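Q: If you look up Swiss-Prot, you'll see Cys559, Cys568 marked as [4Fe-4S] cluster binding site. Look at Swiss-Prot and you will find His654 tagged as chlorophyll a B1 binding site, backed by sequence analysis. Under the heading chlorophyll a B3 binding site, Swiss-Prot lists Met662, Tyr670, citing sequence analysis as support. Per Swiss-Prot, the feature transmembrane segment maps to 46-69, 135-158, 175-199, 273-291, 330-353, 369-395, 417-439, 517-535, 575-596, 643-665, 707-727.
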Amino acid sequence: MASRFPKFSQGLAQDPTTRRIWFGIATAHDFESHDDMTEEKLYQKIFASHFGQLAIIFLWTSGNLFHVAWQGNFEAWSQDPLHIRPIAHAIWDPHFGQPAVEAYTRGGASGPVNISYSGVYQWWYTIGLRTNQDLYTGSLFLLGLAAVALVAGWLHLQPKWKPSVSWFKNAESRLNHHLSGLFGVSSLAWTGHLIHVAIPEARGQHVRWDNFLSVAPHPQGLAPFFAGQWGVYAQDPDSSSHLFGTAQGSGTAILTFLGGFHPQTQSLWLTDIAHHHLAIAVLFIVAGHMYRTNFGIGHSMKEILEAHVPPGGGLGRGHQGLYDTVNNSLHFQLGLALACLGVITSLVAQHIYSLPPYAFLAQDFTTQAALYTHHQYIAGFIMTGAFAHGAIFFIRDYNPEQNKGNVLARMLEHKEAIISHLSWASLFLGFHTLGLYVHNDVMLAFGTPEKQILIEPVFAQWIQSSHGKTLYGFDVLLSSSSSIALNAGKSLWLPGWLDAINNNSNSLFLTIGPGDFLVHHAIALGLHTTTLILVKGALDARGSKLMPDKKEFGFSFPCDGPGRGGTCDISAYDAFYLAVFWMLNTIGWVTFYWHWKHLGLWQGNVAQFNESSTYLMGWLRDYLWLNSSQLINGYNPFGMNSLSVWAWMFLFGHLVWATGFMFLISWRGYWQELIETLAWAHERTPLANLVRWKDKPVALSIVQARLVGLAHFSVGYIFTYAAFLIASTSGKFG
């Protein structure tokens with residue numbers, strides 16, 4: 001008999017129902033649960049799959065470069081970045097009638113095209129690419145890299161090339177290599193690219209492989225480096241009248257500490273960015289030589305952790321036992337990695353608009369909105385994933401004996417206190433914030449707006465002032481003309497910072513008021529509630545008062561029947577599932593706030609946000625309803641326009657989102673009856689009944705239906721907001 005899917009589970013392969021297919025897909029990546037899985041095989045499989053992941057990433061980025069080179073307008077855009085719209089790729093659609101062809105023929109193209117809102121044009125332009133040939137070269141290089149990654153993945157599954165478990169668990173060597181090699185050397189290489197290629201290109205000097213070795217990036221070459229006069233590299237920076245991409249107004253400095261933005265491109269100075277990467281490189285290369293490997297010098301992670309026992313005894317055995325716990329648990333490591341990556345991704349969202357690194361990005365409003373929203377949603381999914389794997393760690397990998405009395409055990413021992421404090425914070429934030437919004441809403445409705453409760457965020461304003469924002473008149477630290485910090489800083493560091501922070505044409509330290517105070521606390525409510533659900537899910541994953549043996553049921557059980565007072569909705573999976581809704585909700589508030597605040601800034605009408613954001617109807621009417629008008633106007637009695645794709649996607653997103661509820665609300669019995677009725681009809685319909693299937697159709701399990709429902713909810717939610725965001729922004733600013 002031919003082997004049936006899934007090969008990794010004989011038990012499942014023999015299941016006579018359609019559960020075999022769905023459950024097979026669901027557990028395909030849960031390597032730990034597969035037949036004949038050993039620790040060694042597990043590590044090797046994951047290691048090899050990383051190369052596959054890299055290959056996919058390189059192929060994708062290669063495709064971006066290739067399509068822009070083939071169908072885009074990069075060379076034309078480079079000549080006039082502020083007035084030509086960047087093209088992502090052509091649209092070939094046989095359904096397009098003449099009005100559609102006309103509506104989507106933009107950016108100087110000869111046929112219908114998609115406009116790029118990803119920021120890749122600005123990025124490629126900033127790092128020194130100028131021609132389609134450059135893009136093709138990059139695309140081919142990445143394609144080659146993808147092929148190399150695939151070969152490497154295959155190679156490391158061959159018997160002679162499989163690394164051993166001890167190699168995977170050698171934490172110090174891995175730390176050294178990742179710190180020095182991955183972060184350090186790559187940052188150094190990037191500094192090299194910026195200094196040798198990007199900065200000369202920004203000054204009108206074209207450096208490629210043919211003249212790479214003959215053009216010195218600095219007039220004095222390496223002489224100041226060896227003479228120890230490094231300050232020479234910071235002398236003569238580009239002037240404020242510098243035209244990016246030309247020699248006009250350019251200087252010779254390569255490593256600066258100017259602060260602020262290039263006046264024309266409104267982006268960070270390239271010489272500042274090079275300096276930053278050089279500093280990071282030095283830091284990480286040094287850090288990558290700190291841990292003890294074969295040479296008997298340096299730190300041992302285990303010794304450091306074992307020594308971390310607070311002397312007063314107030315924290316028990318401190319970090320003892322943590323080294324082996326972390327080093328032997330892939331879920332713990334993945335949880336830590338996801339937590340870090342999630343925070344970094346959210347920081348990218350924040351910094352890409354407040355300190356734009358790419359030339360002319362700040363003037364491309366739709367791209368800024370898209371990049372911010374994209375990175376915040378990605379961050380949300382990654383962060384919730386960190387807690388999911390934390391919970392799986394507690395169920396599968398946590399050993400109470402090994403961790404007796406240390407910080408991990410103590411977290412579990414006083415989890416009630418942690419959970420109840422988080423619960424209290426969430427309740428406090430929720431009731432007070434909603435109370436203020438509702439009060440203000442009623443006052444507006446009754447025609448007495450002066451009776452609103454409006455609270456100035458004085459502490460946040462004070463912090464902004466201490467960083468140099470003079471608007472509020474606090475006269476403190478960098479915003480005080482008599483401050484030592486200010487006077488010392490003028491000549492020493494970041495002379496451009498104070499100009500930037502007090503300039504209203506950028507997004508650095510936005511002016512804040514009562515509307516910001518309220519929405520800040522609404523977001524804080526969302527963050528605390530999401531965290532509460534995730535933390536409770538992880539800390540109760542092994543067991544709770546209601547269900548002490550929860551660990552035996554695994555990560556994703558639906559119920560254990562009505563005994564014990566009802567045990568549905570209490571698995572670690574259920575907590576994760578609920579938290580994702582809260583995460584999406586919270587990031588909704590974050591992106592609404594960011595977008596509305598910036599629409600006012602970009603349109604020169606900050607009063608609208610300030611006046612309308614203090615009550616609920618203001619958000620519903622003056623943000624959501626008002627800005628959806630262009631969207632709904634994609635198709636109208638006069639035909640269609642280039643917003644029609646977003647109008648359609650807006651409706652389609654709502655459809656997908658609403659489909660989610662069908663899976664989230666109805667129960668298994670309903671589906672089982674429906675499926676049996678459909679199967680009955682199929683078997684009795686001529687022609688259709690020639691097609692048979694071997695598996696007996698059964699409804700999805702409760703857990704699977706939840707996953708399908710959640711997936712539709714998430715995808716629909718994000719599709720809907722993406723369409724709204726891009727249409728409302730591009731409709732206003734082109």
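Start at 1 and count along the chain as shown; that gives each residue its number.
Quick reminder: no glycine exception, Cβ is built from N, Cα and C everywhere.
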Q: Would you mind reading off the Cα separation of Cys568 ([4Fe-4S] cluster binding site) from Tyr670 (chlorophyll a B3 binding site), to the nearest angstrom?
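A: That separation, Cα to Cα, works out to 19 Å.
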Q: Roughly how many Å lie between the Cα atoms of Cys559 ([4Fe-4S] cluster binding site) and Tyr670 (chlorophyll a B3 binding site), rounded to a whole value?
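A: Taking the Cα atoms only, Cys559 ([4Fe-4S] cluster binding site) lies 18 Å from Tyr670 (chlorophyll a B3 binding site).
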Q: Express the distance between the Cα positions of Tyr670 (chlorophyll a B3 binding site) and His654 (chlorophyll a B1 binding site) as a whole number of Å.
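A: On Cα coordinates alone, these residues lie 24 Å apart.
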Q: Of the stretches 330-353, 369-395, 417-439, which racks up the most C-beta pairs under 8 Å with the transmembrane segment (707-727)?
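A: Maximum Cβ contact count belongs to 369-395.
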Q: Rank 330-353, 369-395, 575-596, 643-665 by Cβ pairs under 8 Å to the transmembrane segment (517-535) and hand me the top one.
A: 575-596
Q: Could you give the Cα-Cα distance between Met662 (chlorophyll a B3 binding site) and the residue listed as 'chlorophyll a B1 binding site', in whole Å?
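A: Each residue's Cα considered, Met662 (chlorophyll a B3 binding site) and the residue listed as 'chlorophyll a B1 binding site' end up 13 Å apart.
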Q: Helix, strand or coil for Met662 (chlorophyll a B3 binding site)? Use DSSP.
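A: DSSP assigns Met662 (chlorophyll a B3 binding site) to helix.
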Q: In terms of Cβ proximity under 8 Å, which residues at least six beyond the ends of the transmembrane segment (369-395) contact it?
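A: Apart from its flanks, the transmembrane segment (369-395) reaches 117-119, 329, 331-332, 334-336, 338-339, 341-343, 345-346, 348-349, 352-353, 412, 530, 534-535, 537-539, 541-542, 551, 554-555, 572-573, 575-576, 579-580, 583-584, 586-587, 590-591, 594-595, 598, 718, 721-722, 725-726, 729.
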Q: If I restrict to non-local contacts, at least six residues apart, and a C-beta distance under 8 angstroms, what lies near the residue listed as 'chlorophyll a B1 binding site' in its own chain?
A: Gly716, Thr720
Q: List nothing but the one residue from Cys559, Cys568 whose Cβ has the fewest other Cβ atoms within 10 Å; the candidates are the binding-site residues.
A: Cys568
Q: Just counting, how many other CB atoms are there within 10 A of the CB of Tyr670 (chlorophyll a B3 binding site)?
A: 12
